[in-house]
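Heads up, the thing below is written out as structure tokens.
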Amino acid sequence: MKGNDVILRTVSRIVVFIILTFGVELFLSGHNNPGGGFIGGLVLSSALVLLYVVFDIETVHQGVPLDFKKVAAFGAMLAVLSGTAAAVLGHPFLSQGFGYFDLPIFGVTELTTVTIFEAGVALTVIGTVETIILSISKDV
Amino acid sequence: MLVVLGVFFPFAAAGLIPLLYRLIPNRRIGWFVMAVPLVLFAGLLSIVPGIAAGKTANVTVPWIPDAGIDLAFHIDGLSMIFGLLITGVGSLVVLYSIHYLSERESLGHFYAYLLLFMGAMLGVVFSDNLMVLYAFWELTSISSFLLIAFWYHRKGSRYGARKSMLITVFGGIGMLAGFLMLYSMTGTFSIRETITLAPELSEQPLYLAAMILVMLGAFTKSAQFPFHIWLPDAMEAPTPVSAYLHSATMVKAGIYLIARFTPIFGGESTWFWTVSLIGIVTLLWGSFNAVKQNDLKALLAYSTISQLGLIMSLLGFGSAALAAGTDAEQVLLAQAGFAALFYMVNHSTFKGLLFMIVGIVDHELGTRDIRRLGGLMALMPVSFTLAVIGSFSMAGLPPFNGFLGKEMFFQAAVTVSSGNPFTADGAALLFPVVGWIASVFTFIYCMIIVYRTFLGPRQPEKVDRLPHEAPKGMLVSPAVLALFVVGIFFFPNLAGKYLIGPAMPAVFPTLAGKPGLVPHIQAWHGFNTPLLMTIGVIAAGIILFVTFRHWRLIYRFPPFRWNLDTVYRGLIGGMETGSTLITKRYMSGNLRDYFVYIYVFFLAAAGGSLFLKGAFKPDFRMETIAVYEVTFVLIMTFAALAMPFVKSRITATLLNGVLGYSIAIFFIFFRAPDLALTQTVIETVTTVLFLLCFHFLPDWKPERAPARTKIINGLIALGAGAVVTGFALTVKGYVVFDSISGYFEDSYTLAGGKNIVNAILGDFRAFDTMLEVVVLFIAGIGVYTLIVLKAKKGGGDIEGK
């Protein structure tokens with residue numbers, strides 16, 4: 001998808017970062033507000049899709065040298081293994097724990113194992129979406 | 001507890017092998033692998049005296065207690081024999097393979113599969129729980145598949161692997177059904193408990209079916225007629241694998257199963273006749289076909305089939321002991337079971353030895369076709385000596401253990417024919433006669449092995465290598481086995497007392513402790529029927545071997561040239577064409593047709609059952625509807641109605657987008673921000689996908705389908721929509737169960753999150769999410785393989801590499 005659309009390219013350079021930030025925000029806020037791993041992952045992958053549409057695959061690959069199949073595999077593995085940890089500790093498989101910790105800069109913060117699980121979900125979503133879109137567009 | 005660790009030790013080692021192989025990427029890795037069976041062998045040896053004294057080792061670790069499935073392991077005399085064979089022959093085979101396999105092979109895979117098999121096989125013989133036994137049983141089939149296909153670039157290897165897998169797994173599934181029937185009769189999966197309940201079982205209606213299905217599993221695994229056809233093709237595996245899996249251990253799993261289930265089914269006439277007849281037919285057909293083979297390994301494969309048949313028939317004879325009337329009769333018949341186990345141990349020694357020698361010949365000359373071999377005696381004296389020991393033992397000659405086994409077989413066949421509880425007339429005379437004929441053929445092919453390979457003229461012009469003796473490392477294992485072949489002949493009662501004898505109470509629990517159950521084995525017992533039969537075998541065998549080229553022609557005529565492979569190929573081919581025909585009937589490649597199938601099924605299954613059960617109770621009570629809601633309903637209705645009539649694809653795509661985004665807006669109306677966000681992003685990404693594909697889609701043409709099809713499709717679409725709408729309206733006013741949502745409202749205290757939706761997704765119902773993630777990943781990989789890895793035009797055959 002090589003074009004000469006200067007406006008689109010210039011706008012995208014900035015917008016991509018807004019989308020990425022929004023995606024991370026959605027991912028982190030999912031515990032108490034709308035968001036979460038699935039939607040966060042989707043927004044992040046849509047940012048990448050925008051990059052692919054505006055620039056060409058090779059250029060993007062230089063900036064983000066990831067094999068998205070492996071990203072998806074890693075995510076799926078993370079989701080499964082995060083549940084196994086609970087089973088090893090004697091809780092039912094996929095039990096999640098949470099606690100409140102006093103961290104230096106953030107103050108009292110809630111930390112929970114769901115984040116690890118959701119990170120797995122998000123990575124799988126990103127990996128799968130990009131794998132599918134790249135597979136189809138490379139097929140031309 | 002050590003037993004459990006023992007069974008899982010090979011699995012753990014198999015998992016470590018790939019890591020270890022990175023550190024030591026050469027054949028020295030074999031020494032580490034060899035430590036596994038050696039340690040286990042030593043461990044088993046240390047408890048032999050205890051087992052011989054009648055003790056057993058039992059461990060039960062609860063696994064799925066609700067379903068009655070426990071990791072219950074049990075070592076008694078019977079499983080001890082198999083355990084020692086698996087670990088003992090296993091050590092020798094690994095030692096042999098260190099020198100047999102080239103460093104260029106992927107040794108990491110080879111040893112990982114081999115250890116996987118070893119663990120599975122130990123699991124089979126030590127499990128006391130039927131379900132655990134079944135799981136290990138199928139695992140042996142899978143590891144056998146992997147090992148046969150080790151040289152997967154060869155067509156024959158893939159064919160043989162698939163064939164063995166299909167046949168053994170077919171039998172295995174039948175066996176599983178048999179186990180489940182037993183469970184439904186007894187209420188326990190424990191073999192020992194089933195045995196104690198055995199006397200009450202024979203009245204049950206499922207008893208016979210369970211018996212036949214268990215036999216099916218045993219016969220397929222142990223390559224009994226007519227399922228023997230997979231074993232010759234399994235010879236495509238590397239020779240150490242053939243020696244180990246396909247002669248010494250895995251094919252004996254069926255023998256084990258029959259012996260293990262004799263206390264449950266033995267004493268029934270069906271069991272006696274089926275096991276004995278199948279065994280004796282296999283014995284004859286295997287040895288008869290072995291004679292015509294030109295490939296030494298194929299010859300040994302048929303010979304293995306025939307000897308498995310011999311052991312099987314002996315177990316059949318022995319099972320009659322459980323129905324015999326007097327004590328003397330019982331003990332006499334039970335000796336057949338003793339002979340079976342004794343012969344099985346002997347078979348593992350001499351057949352393992354012969355496989356290793358054939359492997360050496362193949363390794364040194366690059367061929368194992370007897371038409372190209374000959375005169376190797378002077379060049380390979382040690383191999384020759386070992387081959388003579390193995391072959392003569394197999395032929396039933398003294399002073400080798402095969403002689404004792406063969407005599408015991410003849411004795412048992414004569415005993416059964418002269419009197420058994422199931423038949424009074426002469427039908428059982430069949431057994432010694434057929435057994436004798438088969439033994440003559442056995443003698444002939446044993447002579448073929450020795451004479452055609454090592455004696456006679458050399459044929460250097462047909463072999464492109466100068467043969468010489470094998471490296472010492474390869475000769476150690478067969479030499480150790482040869483020691484046993486000779487040693488067991490001179491000290492048979494040592495084996496009888498410590499190895500075979502302790503197994504007898506496991507096979508014949510009701511006869512335990514009767515005097516004479518463990519016979520005193522003697523090489524010389526006067527001129528009696530068995531000895532005369534052996535002399536007859538030798539005489540007839542020599543005559544037929546010398547005149548072999550004159551009567552060889554009979555193999556060209558039916559029924560002697562019949563080969564059950566044709567049946568197998570016909571079945572597989574028929575199934576393939578049949579399924580292709582069926583698939584082609586409904587796989588039209590037209591997306592709309594698939595939608596028709598899905599919606600028709602949905603209408604029939606969901607709509608039909610709701611309707612028949614009278615569950616359709618649409619609740620039309622409406623709450624106040626806002627104006628903007630009505631507006632969006634109208635917009636969506638318009639978009640949906642316009643869709644079938646638009647003239648260009650881009651309009652259709654946009655209308656689709658209108659529907660999608662409107663749904664997102666409805667999610668906002670109904671206060672579901674998570675869903676709204678997801679729907680919006682999904683809609684966006686989908687549109688990009690459409691853009692990507694747009695250029696490559698065919699032109700948007702008006703429909704040419706006949707009006708009738710259009711009307712029917714329209715009705716199906718309307719029906720599906722009506723069912724969904726009716727369903728939604730019904731759910732609204734349907735109170736059958738208490739709502740469970742109250743539980744989730746506690747999400748802040750239970751999961752520490754204020755967003756209930758995500759607390760459900762990530763915590764309460766995380767299992768669903770996890771599986772969805774895995775499915776998503778699989779779908780992505782599926783798209784990738786279908787599109788990126790598809791066969792290039794003209795490059796077709798990936799397998800041919």
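Heads up, the Cβ atoms here are built off N, Cα and C, so glycines get one too.
These figures come from a predicted structure and were not determined experimentally.
Annotation comment: TrEMBL describes B:63-111 as domain 'NADH-Ubiquinone oxidoreductase (complex I) chain 5 N-terminal'.
Annotated domain 'NADH:quinone oxidoreductase/Mrp antiporter transmembrane' per TrEMBL: B:127-419, in sequence order.
TrEMBL lists B:634-698 with the feature domain 'MrpA C-terminal/MbhD'.
Here the domain 'MrpA C-terminal/MbhE' (B:714-787) has a mean pLDDT of 85 out of 100. The annotation domain 'MrpA C-terminal/MbhE' is assigned in TrEMBL to B:714-787.
Listed as Cβ neighbours of the transmembrane segment (B:110-126) (distance under 8 Å, sequence separation of 6 or more from its ends, same chain) are residues 3, 6-11, 13-15, 17-18, 21, 29-30, 33, 36-37, 40, 73-75, 78-79, 82-83, 86-87, 90, 93-94, 97, 101, 132-133, 135-137, 139-140, 143-144, 146-147, 150, 238, 241, 244-245, 249-250, 253, 256. According to TrEMBL, the feature transmembrane segment maps to B:110-126 (among others).
Annotated transmembrane segment per TrEMBL: B:132-152 (among others), in sequence order.
Residues of the same chain lying 6 or more positions beyond the ends of the transmembrane segment (B:206-231) and with a Cβ under 8 Å from any Cβ of it are 137, 141, 160, 163-164, 166-168, 170-172, 174-179, 181-182, 184-185, 246, 250-255, 257-258, 261, 265, 268, 270-271, 274-275, 278-279, 281-282, 285-286, 301, 304-305, 308-309, 312, 563-565, 567-568. Residues or ranges marked as transmembrane segment in TrEMBL: B:206-231 (among others).
Note on the transmembrane segment (B:243-265): residues 78-79, 82, 85-86, 89-90, 93, 96, 114, 117, 121, 124-125, 137, 140, 144, 147, 175, 182, 191, 194-195, 198, 201, 211, 214-215, 217-224, 231, 234-235, 237, 271, 275, 300-301, 304, 308, 311-312, 315, 318-319, 322, 337, 340-341, 344, 347-348, 351-352, 355-356, 359, 503, 506-510 of its chain, located 6 or more positions outside it, place their CB under 8 angstroms from a CB of the stretch. Under the heading transmembrane segment, TrEMBL lists B:243-265 (among others).
Under the heading transmembrane segment, TrEMBL lists B:271-288 (among others).
Residues annotated as transmembrane segment in TrEMBL: B:300-324 (among others).
As annotated by TrEMBL, transmembrane segment applies to B:336-361 (among others).
Panel annotation: around the transmembrane segment (B:429-454), residues 276, 280-281, 283-284, 286-288, 290-291, 293, 296, 299, 302-303, 306-307, 310, 313, 317, 354, 361, 370, 373-377, 380, 383-384, 387-388, 391-392, 394-396, 406, 409-410, 413-414, 416-417, 533, 536-538, 540-542, 544-545, 548 of the same chain, lying at least six beyond its termini, place a Cβ under 8 Å from a Cβ of the stretch. Feature annotation from TrEMBL assigns transmembrane segment to B:429-454 (among others).
Look at TrEMBL and you will find B:475-495 (among others) tagged as transmembrane segment.
Residues 291, 395-397, 403, 406-407, 410, 432, 436, 439-440, 442-444, 447-448, 451, 525 of the same chain sit 6 or more residues outside the transmembrane segment (B:531-551) yet have a Cβ under 8 Å from a Cβ within it. Look at TrEMBL and you will find B:531-551 (among others) tagged as transmembrane segment.
Counting only same-chain residues 6+ beyond the ends of the transmembrane segment (B:653-670), those with a CB under 8 A from a CB of the stretch are 626, 628-629, 632, 635-636, 639-640, 642-643, 646, 676, 679-680, 682-683, 686-687, 690, 694. Per TrEMBL, the feature transmembrane segment maps to B:653-670 (among others).
According to TrEMBL, the feature transmembrane segment maps to B:770-789 (among others).
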Outside the transmembrane segment (B:475-495), six or more residues from its ends: residues with CB under 8 Å to it
92-93, 95-96, 342, 345-346, 349-350, 352-353, 356-357, 360, 382-383, 385-386, 389-390, 393, 398-404, 469, 520-521, 523
